[in-house]
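One structure is given below, encoded as structure tokens.
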């Protein structure tokens, strides 16, 4: 009985007969045919194929599209810095933002502490 069951599992056919010869076991092959999702590059919006796929900060890029926003040098996963969804080489990131001492100001945005100061002023005028 174990030999017949093992033989039934080893045969690629869809039907296998048991040891008595009159019982039939139905077998079906199940294939996982998942539709492949087309991934698009965050930089150029074109299809990214698995061989050229690179993921940085949960965004998908072509290897050739993953470059510094300032100098357009090709980046690697170990040689980039990201801020607000923009990618930079480490030298330009330091040059552009470290000199200011405040990353938000370097990006031309309001300082985070200024946003809180406006809320305190607004709440102070309402209670007074």
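Note that the numbers count up from 1, one per residue, in the order the chain is shown.
Heads up, the Cβ atoms here are built off N, Cα and C, so glycines get one too.
The range from 1-25, 26-50 that Swiss-Prot describes as region 'Disordered' is residues 1-25. Counting every protein chain shown, the number of other Cβ atoms lying within 10 Å of the Cβ of residue 62 (Zn(2+) 1 binding site) is 18. Report note: the Zn(2+) 1 site is defined by 41, 44, 62, 65, and the residues of the same chain whose CB lies within 8 Å of the CB centroid of those residues, excluding them, are 42, 43, 45, 46, 48, 61, 64, 66.
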